[in-house]
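The [4Fe-4S] cluster 1 binding site annotation in TrEMBL covers B:Cys8, B:Cys22, B:Cys25, B:Cys31. Positions annotated as domain 'AAA+ ATPase' by TrEMBL: B:54-209. Annotated ATP binding site per TrEMBL: B:Gly62, B:Lys63, B:Gly64, B:Gly65, B:Val66, B:Gly67, B:Lys68, B:Ser69, in sequence order. The [4Fe-4S] cluster 2 binding site annotation in TrEMBL covers B:Cys234, B:Cys237.
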Amino acid sequence: MEEVPHDCPGADSAQAGRGASCQGCPNQRLCASGAGAAADPAIEEIKEKMKTVKHKILVLSGKGGVGKSTFSAHLAHGLAEDENTQVALLDIDICGPSIPKIMGLEGEQVHQSGSGWSPVFLEDNLGVMSVGFLLSSPDDAVIWRGPKKNGMIKQFLRDVDWGEVDYLIVDTPPGTSDEHLSVVQYLAAAHIDGAVIITTPQEVSLQDVRKEISFCHKVKLPIIGVVENMSGFICPKCQKESQIFPPTTGGAEAMCQDLKIPLLGKVPLDPRIGKSCDKGQSFLVEAPDSPATVTYRSIIQRIQEFCSQRLPEGENLVGS
Amino acid sequence: MEEVPHDCPGADSAQAGRGASCQGCPNQRLCASGAGAAADPAIEEIKEKMKTVKHKILVLSGKGGVGKSTFSAHLAHGLAEDENTQVALLDIDICGPSIPKIMGLEGEQVRAKFKEGWEIFSDNLGVMSVGFLLSSPDDAVIWRGPKKNGMIKQFLRDVDWGEVDYLIVDTPPGTSDEHLSVVQYLAAAHIDGAVIITTPQEVSLQDVRKEISFCHKVKLPIIGVVENMSGFICPKCQKESQIFPPTTGGAEAMCQDLKIPLLGKVPLDPRIGKSCDKGQSFLVEAPDSPATVTYRSIIQRIQEFCSQRLPEGENLVGS
């Protein structure tokens, strides 16, 4: 059979050489022998790069639109308020990179130097990287399939000159697919402290979040805890509370009790959050009095405490 | 070089045989010759299958969590209220399939209503989702792109669609494998158009403009834009708040700018989330809600759009 098979699972995949579509492919014997399963050299290169990064936190959710990027950005803002803390924020949402806008860094360019790509610095101690910085215009669509997205993520981890960093925060797109598998695989030899999982109160969200938690268990990624966003709304006109996204099955609280995972906090809706994100400002600074700000700060503190208790570099908890 | 290269772009990709990582691969010459670019036979098979499906509508958004699945489900409910209209709802969100829950088809209900590859909501409304193939709703589907594409191909080619007036395809957020695949697999069939969902804030609109750009690139007609979460009437004091403020004019300004129809602005109503969690039709549970009124008006505009589309055979979607 001279044709290249459709549905080639990819030379790196577990199905390489074994899938139904591999029958007759000239590469079949090679793939099936596991030659493609040799470790990607990038994993060691990334491990080296990550030696100057103390703590690595993934921000995940099975569900879209629950506030991952909002939370990642404000975790970065909050940690960087201490000018002695070096913070890096990496946006691996290739199709919908929101971080440049939320951080007020639209239009910024990434520069290359001898030691690699330089992140875009919001402050001296807060560097940001996103595919958004590589587009000619913010409205340009990045229409890439999985393998190309994986390549970009590998470059972000291996080729960016992160320097000495106390906290690397990785903002992810919703789901349990290429981006998530890739970031965990590429950081396999480095040490991910853990994942913060974002949800909203309704069951439709929790259902996807349970899948994300299941993903974390499968890849042996520690879970720092769950953040419930959009947890109630205080009407600014009458000060009474409404549940816009009703927790019909008990919200994140019930799910966390059920799965024995820490609930880091419940953040209420505040229209100033959306406004700050659109304007690229820190909500913590714009609305210091908001109950949402108080909760965010408490969550950030719990994350810092979790990280400070993690095993030192070299004790690898993430399965490769 | 005996090794299989890392970063194999895939035999079907445009980079097949041409990428840097292809150097030395035993397949390189074959891939570069374009052998992998021969059309997938499934495309013709799907075209045949789609001959009994009159109208095909994709529900898209660049942004997650704006209400695509909520809208897809209620578009299906609304159209199927006319018992003479056959409706099919296909959920191609492989990682986060919400449709089974929103349609109340989880668990035991599924076993009782399975028929010819479809989970049946009612006599004239059938639903398909990867969610129905899981042992438990909490099982994670951790698949890379190629495997997701294979599932989508199966949904389109192997499900017995029967005579359908409207096929609604609910998609995950983004502009990636699922979106490219559904457009490619339906390339020889005729997609009437896409409904694009957003919320009012600029962070959403930015992703939605990318989705619109995607539609233009793949020559997918745009039926219009729906703005969800467009204001909230406090049930205690009846005053309106903008929870997700339209700092740059919301969907209205974007649609004027891009000359695309704004199909409607749906306000927040806590009963929407509740209905979705319980698997009930919000249109039935809260017929008096301003959100219901807007949904029905949007559904009507979509029906009007579809009835004006070119008949089968006039293919507007580029292959």
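Just so you know, the numbers here start at 1 and follow the chain as drawn.
Positions of Cβ are set from backbone N, Cα and C atoms, glycine also.
Shown here: features listed in TrEMBL, placed on the structure.
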residue	record	Cβ within 10 Å
B:Gly62	ATP binding site	27
B:Lys63	ATP binding site	28
B:Gly64	ATP binding site	26
B:Gly65	ATP binding site	26
B:Val66	ATP binding site	27
B:Gly67	ATP binding site	25
B:Lys68	ATP binding site	28
B:Ser69	ATP binding site	27
B:Cys234	[4Fe-4S] cluster 2 binding site	18
B:Cys237	[4Fe-4S] cluster 2 binding site	13
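Listed binding-site residues: B:Gly64, B:Gly65, B:Val66, B:Lys68, B:Cys234, B:Cys237. Those with a CB under 8 Å from a CB in chain A, in sequence order: B:Gly64, B:Gly65, B:Val66, B:Cys234, B:Cys237. In this structure the alpha carbons, written CA, of B:Lys63 (ATP binding site) and B:Cys234 ([4Fe-4S] cluster 2 binding site) are 26 Å apart. Under the three-state DSSP scheme, B:Lys68 (ATP binding site) falls in the helix class. Between the CA atoms of B:Cys234 ([4Fe-4S] cluster 2 binding site) and B:Val66 (ATP binding site) there is a gap of 20 Å, rounded to the nearest whole number. If you take every residue in the domain 'AAA+ ATPase' (B:54-209) and average the pLDDT, you get 88.
Geometry remark: B:Gly67 (ATP binding site) versus B:Cys237 ([4Fe-4S] cluster 2 binding site), CA distance 26 Å.
A separation of roughly 27 Å, to the nearest angstrom, links the Cα atoms of B:Gly65 (ATP binding site) and B:Cys237 ([4Fe-4S] cluster 2 binding site). Residue pair B:Gly62 (ATP binding site) / B:Cys237 ([4Fe-4S] cluster 2 binding site) shows a Cα separation of 34 Å.
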